[in-house]
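Have a look at the structure below, then the notes.
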Amino acid sequence: MSYITKQDKVIAEAIEREFQRQNSNIELIASENFVSEAVMEAQGSVLTNKYAEGYPGRRYYGGCEFVDVTESIAIDRAKALFGAEHVNVQPHSGSQANMAVYLVALEMGDTVLGMNLSHGGHLTHGAPVNFSGKFYNFVEYGVDKDTERINYDEVRKLALEHKPKLIVAGASAYSRTIDFKKFKEIADEVNAKLMVDMAHIAGLVAAGLHPNPVEYADFVTTTTHKTLRGPRGGMILCKEEYKKDIDKTIFPGIQGGPLEHVIAAKAVAFGEALENNFKTYQQQVVKNAKVLAEALINEGFRIVSGGTDNHLVAVDVKGSIGLTGKEAEETLDSVGITCNKNTIPFDQEKPFVTSGIRLGTPAATTRGFDEKAFEEVAKIISLALKNSKDEEKLQQAKERVAKLTAEYPLYQ
């Protein structure tokens, strides 16, 4: 950071302090990860200087011959990773990727079936405060009250009743395998298109550890960070028949110049995901999540749906020990464990309070945490949350966090 330090000491200090926070804390936010130095280097490259409206070989600016190379490589690698017919790597975020699909598949006011946010869905799947809920008529499906898993019979019933033009599958806080084949069958039955938002599970899909939605969906959207371990950004995968509509909706429809430095970083991350050790990493992510869930159950915590099939563990802290999600998040943060409060199915608390917390294993697994480390993480979580007013116990938890993070340093 020598250049930043010379130019802007205040920003340099903030960046350095953020690095120290990441290095000294255990990161359990399920949507976060640590990218490689190669990904960061690509994102901080001279490509940030280049305007490149359009697509490879069809630009509105001169001098795009090299960004054409990096963007084409990103597209080809994404196709190889997921077996997609067409890929657009230009969306700046997952939300913009979702917006583009809606603009292609729907007219304003059309009916869409999407997962309830408090049951594990996402803001862009029809939340009233989001553009999706304002522009379209979203009908919500959720999970079964007893199993806390998606009730496909209920999804089918709602689809038959409301005849949606589009069905959205995918979630931001759902810890079980999603049956895309069933969603496709339901969509076909009511003559709806199927969109899958695989933002949270894209890395698992790439590694073959979760069913691939590309086989079933008309459109698949994703972020490129989270389990995919790339830069913050979005991507759309679709059938060849939708290529022109998707591309013109991204540009010039909702975006101008693409972020070619970010696209180059996406290409680097996709290249990493094509390597054999990426599958090993994803296998460890899932192993660690299962160990974390089981260890917390042994400590007396109720896990939503009773466990996990992926990278994510949803914990009912209110029902387990009487703390709200907000209180649990703040307590864990005080000892060096970063997570987020999260609504759980049929939550009675407000969204900014919640009854649950969402935990994820991708970031800590990138640091090298294994099953034994996550057993210790569960014990530290239990110690802190069960003694949230006991400064001595909280100090013990903090010291145990420091010992773990020292054992698995970041970017060393």
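Note: Cβ is positioned from N, Cα and C throughout, glycine not excepted.
Listed in Swiss-Prot for this protein:
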| type | residues | note |
| --- | --- | --- |
| BINDING | LEU117, GLY121, HIS122, LEU123 | (6S)-5,6,7,8-tetrahydrofolate binding site |
| MOD_RES | LYS226 | N6-(pyridoxal phosphate)lysine |
| SITE | HIS225 | site 'Plays an important role in substrate specificity' |
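Taking the C-alpha positions, the distance from HIS225 (site 'Plays an important role in substrate specificity') to HIS122 ((6S)-5,6,7,8-tetrahydrofolate binding site) comes to 16 Å. Here the residue listed as 'N6-(pyridoxal phosphate)lysine' is positioned 16 angstrom away from GLY121 ((6S)-5,6,7,8-tetrahydrofolate binding site), judged by their C-alpha atoms.
Every protein chain shown contributes to the tally, and the Cβ of HIS122 ((6S)-5,6,7,8-tetrahydrofolate binding site) ends up with 24 other Cβ atoms within 10 Å. Each of the binding-site residues LEU117, LEU123 was scored by the other Cβ atoms within 10 Å of its Cβ; the lowest score goes to LEU123. Listed in chain order, the residues near the (6S)-5,6,7,8-tetrahydrofolate site other than LEU117, GLY121, HIS122, LEU123 are GLY114, MET115, ASN116, THR124, HIS125, GLY126, ALA127, ASN130, ALA171, SER172, each with its Cβ within 8 Å of the site Cβ centroid. Contacts of the residue listed as 'N6-(pyridoxal phosphate)lysine' defined by a Cβ separation under 8 A and a same-chain sequence distance of 6+ are given as ALA30, SER31, GLU32, ASN33, ALA199, HIS200, ALA202, GLY203, PRO362, in order along the sequence.
Every protein chain considered, the tally of other Cβ atoms within 10 Å of the Cβ of HIS225 (site 'Plays an important role in substrate specificity') stands at 25. The DSSP secondary structure for LEU123 ((6S)-5,6,7,8-tetrahydrofolate binding site) is helix.
GLY121 ((6S)-5,6,7,8-tetrahydrofolate binding site) counts 25 other C-beta atoms within 10 Å of its own C-beta, drawing on all protein chains shown.
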